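According to TrEMBL, the protein carries these features:
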DOMAIN    186-259  domain 'Trs120/TRAPPC9 N-terminal'
DOMAIN    362-509  domain 'Trs120/TRAPPC9 TPR region'
DOMAIN    540-668  domain 'Trs120/TRAPPC9 first Ig-like'
DOMAIN    896-1011  domain 'Trs120/TRAPPC9 third Ig-like'
DOMAIN    1034-1143  domain 'Trs120/TRAPPC9 fourth Ig-like'
Amino acid sequence: MSVPDYMQCAEDHQTLLVVVQPVGIVPEESFFKIYKRISTVSQINVRDSQRVLYIRYRHHYPPENNEWGDFQTHRKVVGLITITDCSSAKDWPQTFEKFHIQKEIYGSTLYDSRLFVFGLQGDIAEQSRTDVAFYPSYDECENVEKRIEDFIESLFIVLESKRLDRATDKSGDKIPLLCVPFEKKDFVGLDTDSRHYKKRCQGRMRKHVGDLCLQAGMLQDSLVHYHMAVELLRSVNDFLWLGAALEGLCSASVIYHYPGGTGGKIGPRRAQGSSLPAEAGNRHRPGAQEVLIDPGALTSNGINADTSTEIGRAKNCLSPEDIIDKYKEAISYYSKYKNAGVIELEACVKAVRVLAIQKRSMEASEFLQNAVYINLRQLSEEEKIQRYSILSELYERIGFHRKSAFFKRVAAMQCVAPSITEPGWRACYKLLLETLPGYSLSLDPKDFSKGTHRGWAAVQMRLLHELVYASRRMGNPALSVRHLSFLLQTMLDFLSDQEKKDVTQSLENYTSKCPGTMEFITLPDGLKLPPVPFTKLPIVRSVKLLNLPVSLRPQKMKSLLGQNMSTKSPFIYSPIIAHNRGEERSKKIDFQWVQGDVCEVQLMVYNPMPFELRVENMGLLTTGVEFESLPAALSLPAESGLYPVTLVGVPQSAGQITINGYHTSVFGVYSDCLLDKLPGIKTSGCTVEVIPALPRLQISTSLPRSAHTLQPSSGDEITTNVSVQLYNGETQQLIIKLENIGTEPLEKLEVTSKMVNTKGKLFGDFLSWNLEDTLSQFPLKPGKIATFTVNIKVKLDFSCQENLLQDLSDDGISVTGLPLSSPFRQVIKPRVENKPINPPETTKVGDFGNLKTLDAILNFKYSGGPGHVDGYYRNLSLGLHVEVEPSVFFTRVNTLPATSTRQCHLLLDVFNATEHELTISAKNNEDLILHAAECQRMAIQVDKFSFESYPDSPGERAQFTNLKQLEEERQQAKGLEINSKLDILWKIPSLKREGEASVEGVLNQLVLEHLQLAPLQWDVSVEGKLCDCDIIADCKVGDPVQLEVKLTNLSKHNVGPFALTVIPYQDYQNGVHNYELDDAITFVGSNTFYIDTVKPTENSVCIGALLFLYTGDFYLNIKFHEDNSSRELPLSWFCLPSVHIRAVEPVTQTNL
């Protein structure tokens, strides 16, 4: 016997073998349709008996295996069923002849046969025959199963007769020696009368009878016969048949212990055993009470009919442990015979199936290992495939998955062996797929995204390479791309640098013909291969949704903020509400995107490949509102480390949008990578709200851009920075163009400004504008431009710095004691003494202090379109950097009294701090020319100021934090008023630039007091003519002259009473004053005037008269009496104008 049956199991020993074959030309589909119906009749209950007969069907059985039928009767073909197609009566004789020829192949062992004829009708078909059945067609054959049952009953009759015949004790007759084919030549010439020979014959026959009993459903009898055969054969060392007897004993014991069968999914009896009625199963388990019966108890019918007397004796059935021991013994006997290799192999397989049920995997593996090394004849390629496949399935049954996968892979490679003319690549591919679980490998990339790697990576990579090659040879390039993509994605960490290059090169070659997609690939057997996204090419470590640029970020109007409160709870704080808000924040981002604006998502990616990685068509995957993704292409250097990549897109409508992942095209494979499938990725949230569209404002200015970037303390981002260089006091216009570059009309605009980084004192409005002209051009449609003008006015402190003041003092420049008629002119010269030889730049000639800077931010708050309806606006900021160069300095300030008590002279020492010639002018003054670094004094006659409108009452003081601040505010207000009256301007003709020179920060408290109008105003009139400044009152000698003194109280308190004495004198213009004028002037009444208490805002007048006796120029000196009232008030309040009276002769005398 040379063809092993790998499907054999122990329970097959109780079956009758029936071969079903076609005769002539029969369609394969039709044949197997009838064969399947025949196979359903696999067991029947014997009439008038509790026995069950089991049938094993085969549609192909080697005739040489039939020669071993005496050795093990279940190998003997006892029934033949042939199926033929015969459409005409004339073909019938030939068909019947073929049937007889087919019977002759198994003729020596057949018990009975049948011929099923399909398609023949007429007289022949109407004949009633037991061995032939006629059917009109393959569909019209209702009683096939009934015919098969009758056929099996006929087989049983023959089987039972043979069993009885062989079991009968025929005294005197020689028992024939049963042989296997290769033994016949060895027994030629033996002594047939020897006791050894007879025992051999008895033992073999007893074993043969045991086989017949087992087939006939007599399990108890078979066990007895097997035991007897074992004893007989062991005594004569007939090892081959002893092994067969032991195997029979094992089979019968297995049938008893495991009525469900040992074939499992592979065996043919599982369905039969499971369909067996419970009572039938119990009926055929007499072994529960089998006893070892003495050979003398055997009768002609086999065993004594009444076996109840034997119940209770020692059991005849082997235990589960003994079954395996007996199998080992039997296999050891088989191994002694080279020609019994198939028997040995099948015995190993049967033992493995039993051990699999007993869950004794290690022992089963020993049997399988033995089966692997059993040397058979030269097997065909198909037989090798079958052998390795069965070994794989057996290893799978005992839990040796990797070993199973190994043999399955060997079988797959055998399908495409070089010796095969037409390699079966599809079969190879199918077997390779079946090996995947054994190597802890699946074709779903999700199984490799969590935890540590399972299995041997090197073996897995080899297997995946074989799948790629097999699918390519099958002519399925899409399958090759899918497997190669899977290899690259899941085994990337285990590939060497050279292997990575080779795999990617192969992948690019495949995808050039068939690009990789994200579609499922369905195989012919229904298996679906999931897509393989390249989540490692590149590796993404973090995903961050980026806020819009500061200038484009939408902000909610404050008036609408209160309407969006998320809670309606009456409680100020609730832990439940707080918890819910925290969850919302974790899912949703706290900023918004805007419909129609480009939005960005930043990915931190890493290229693990040892070469440059080109990623094409990389974009975002989103759900929610419609989103137009703008794909990007990038090139990552080899092993780049973390590399930022920004993906952009435009939301097309308002609502919510969720970033689910990204898509790429790498090596020709298109991938959709979902974030929730990426291990270890960091994200701050993926859902963001998209608000309705807003306009976009772009600004451009008439000034150049600045390299100096403002850093505002609030963290706002400046969109544009411009710079300008101005002289202190200069004013310049900044023209700003407002262009709507969006798609929505610009409807609302608000402009505000704020100063940043201001170190020096700034006077006046730095920035000023009129927005009405600009708003008249609104709404501003997309693409339109509006203009906006801002006035930049620089007015810093014009007082001199300390170092320059020191230089001027050291050069002898002074303001005290200089007469008004001698204006001082001096050029600053550097001095050598007390100064370093190489002075630093800050002390060089012409450099009078560091350049001062002013920084301001113009903020444009604008809105329009649907976003404006929802209460959103945008901010755009313009940074203004102004470099202020010094123009002029006021190095000294002083005052001199004027001839009028209501005026004074303001003396200013002006220094030209520029490098150009400069002219300076004041109100009603001539221009003063100053060369570079030149200092000159200018005198300005000014009217004194009343300063009535500045805070002085307790109520007004309350708004200031302290008196010092109050005083500073008052001083600043006074300086502003004084400066507005002076109107000091400077011009640089060579540069055609001009500006204002302010004295606001120059005037000290003393100067302010000199410039302030005294609260008590004294007016002196002579003959009704007010005397002030250089006015000379004329009078005639001998006429009384009326003198009137008027006091106006401008203070806030009552003043007086006062006493004033009028003292006349003459000035000789040489420093001598003559007060002895009693003979020249006489008073009409008293020379002392009295003024009562004067209330605020009221006045008091006192009148007197004097008489001039001689001509001449006379002066009146009015002095106050030092009483309590005058001592409480400042001396400056009692400043009366000087009175100059010129006495002349009467007109009559002059005429004479």
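In case you wondered, yes, glycine gets a Cβ from its N, Cα and C as well.
Helix first, then strand, then coil: DSSP counts for the domain 'Trs120/TRAPPC9 third Ig-like' (896-1011) stand at 31 helix, 38 strand, 47 coil. Helix, strand and coil counts from DSSP across the domain 'Trs120/TRAPPC9 fourth Ig-like' (1034-1143) read 8 helix, 59 strand, 43 coil.
DSSP states for the domain 'Trs120/TRAPPC9 TPR region' (362-509), grouped as helix (H, G, I), strand (E, B) and coil, give 107 helix, 0 strand, 41 coil.
Within the domain 'Trs120/TRAPPC9 N-terminal' (186-259), the DSSP-based counts of helix, strand and coil residues read 57 helix, 0 strand, 17 coil.
Mean pLDDT for the domain 'Trs120/TRAPPC9 TPR region' (362-509) in this predicted model: 90.
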